[in-house]
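As given in TrEMBL:
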- A:80-269: domain 'ABC transmembrane type-1' (DOMAIN)
- A:21-41: transmembrane segment (TRANSMEM)
- A:82-103: transmembrane segment (TRANSMEM)
- A:115-137: transmembrane segment (TRANSMEM)
- A:143-159: transmembrane segment (TRANSMEM)
- A:180-198: transmembrane segment (TRANSMEM)
- A:204-226: transmembrane segment (TRANSMEM)
- A:247-269: transmembrane segment (TRANSMEM)
């Protein structure tokens, strides 16, 4: 057994690769903008001022105003808060049941696992956006069905990854050894399972949030998600699109914000090989 | 066999450096036709690195200096591309655990034929015919249509040898060719390697098994901590070792141990009657009676795959038998039945430091930490190891920690499942000696599984040979 494994050539611990650092930094900045922004910016994102319609960037309005003369800075801050918040809630609502059901399936096996696998397969067989549209039909323009529909499609990833990983860990000899030494299921869960699945869940969470942000803006852009005048990034793009010729940068601003949010999350989520 | 004065491969002052410092220093050796070299040493002694330096596939970050002259060219001065062109053509590696190195999605015959077709550039029909010959040469003529996962470890090893033979390179490097094989398979693999030497190929073998080195003959180099501590012809080195480590290594060979069987000192702790188990429609054992009494070591031996581990799991209640009953002495806590695992790193949680695992264990069973300290002392484990992860201590030390962990619970029965088969001979002997001492001191019953008949006969008064599907009593 004269292997290289005995020697350590690993990257020194505690330092994230540059890409992940950049992603994290980007998210912190955007997070500040989304959380503190709406409090610091006095302007009401819905207050209209037709005299300032499509005001240029840098004048009375720092980032200009849209066709109704609403402050774009205020609308972007509120939009970012909405996207972030909704994505975070969606991720939580998908991750919690997904992880718990995954653990249950791996632990109990048998019928529990078969039933959960079947449910997961059914959800996967439905196109995700269709599920959301179906729920939205009940209460158009509301937050609740949007968020519920998205988490209903996103939990499967958490469930599948948790189940597969937990199952392979549970099959390892050190779990059998721990049981023979008298350790209970609770100890095994906290000390042996969670440390293995936690990093994977963190990565999945970032991906799920990115997916949720894109989905919410997409749905609002095709006018089935959140309705105007809610300052939602996707619907802002669509509202400003007719004025593209006069104010091209105005249209690009919400789009840029979406790109930066998703980029930050994707960079943060990338594996250690990055 | 004529021994040439001019060696075909000579290594002079080879050193390997990592960013943290030198890990292999000043290795010099020479290989000639009919004069194989065997590097002997424990895990982490750097013997595989020497092989990788010759091949030119050192892990990134490692750098070799010195001279590796192969037929007049210094390999270390060649570019990586030039060196890669030699692989499979003039230099060929027989990998560790070849069973894992074979392509799992491909049948064996085409895997061998590939070498003729793509390395030797023959046509398809000719390649197939040659591959069949190669397989027949290692008695695998019937196995050409099997996938690697349908073969045993020994068959996989022979298939790898057939491939090495097909490559017909001048230099063959065998990296732990007998790891994890039982005695019979080990001897057959060694015999095949010897045949390659007789056919005029250069052979460099890396092993921790003294028996392999003895069978191959030629020159033996003993490595310890990245240095070659002794280098001499096989007969001389094996008969009259000079270095203290070589002496310890030779003394640790199971065949050389002093038999020290411990006899039963108490009543029967665990007994199985009429046990039977089938696996995959194949009977592993049937109508097997076994009993282990306090203070005795009972050995089970037999080749890989004969159901030794399964028998242990049944006795421990981890899996049910198809027939028969297991009886434990009444009134004993199930915690007093413990197991030592074959692969020590697999028996410890990889993320948890050893100290954390032991602290939690002590707290769970309301024991005193002083008990741990006493056992650390007893098993000669330095306290500094406690704060490491299982992957950062050696296999022998980790197996002693596994023993410590089991001993904390005052075991009445210990099932040692090939507990020393992955350790080098010196650590193997150490662990077994400790086990024997513990049995004498505190008297647990031990069921010791091994594929090494010498160990079985040396440490126990009763050895059960599972190969014959029945107990074979060996008296002392």
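Going from the start of the chain as shown, residues are counted 1 onward.
Quick reminder: no glycine exception, Cβ is built from N, Cα and C everywhere.
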Test of understanding: applying the rule of at least three C-beta pairs under 8 Å (pairs 6 or more apart in sequence), is the transmembrane segment (A:180-198) touching the transmembrane segment (A:115-137)?
no
By Cβ distance under 8 Å, which residues at least 6 away from the ends of the transmembrane segment (A:143-159) in the same chain are close to it?
86, 89-91, 93-95, 97-99, 101-102, 105, 116, 120, 123-124, 126, 128, 131-136, 201, 204, 207-208, 211-212, 215-216, 219, 225-226
Output the single range from A:21-41, A:204-226, A:247-269 maximising the number of Cβ pairs under 8 Å to the transmembrane segment (A:82-103).
A:204-226
Who are the long-range neighbours of the transmembrane segment (A:204-226) in its own chain, taking Cβ under 8 Å and residues 6 or more past its ends?
82-84, 86-88, 90-91, 94-95, 128-129, 132-133, 136, 140-141, 143, 146, 150, 154, 157-158, 161, 232-235, 237-238, 258, 261-262, 265-266, 268-269
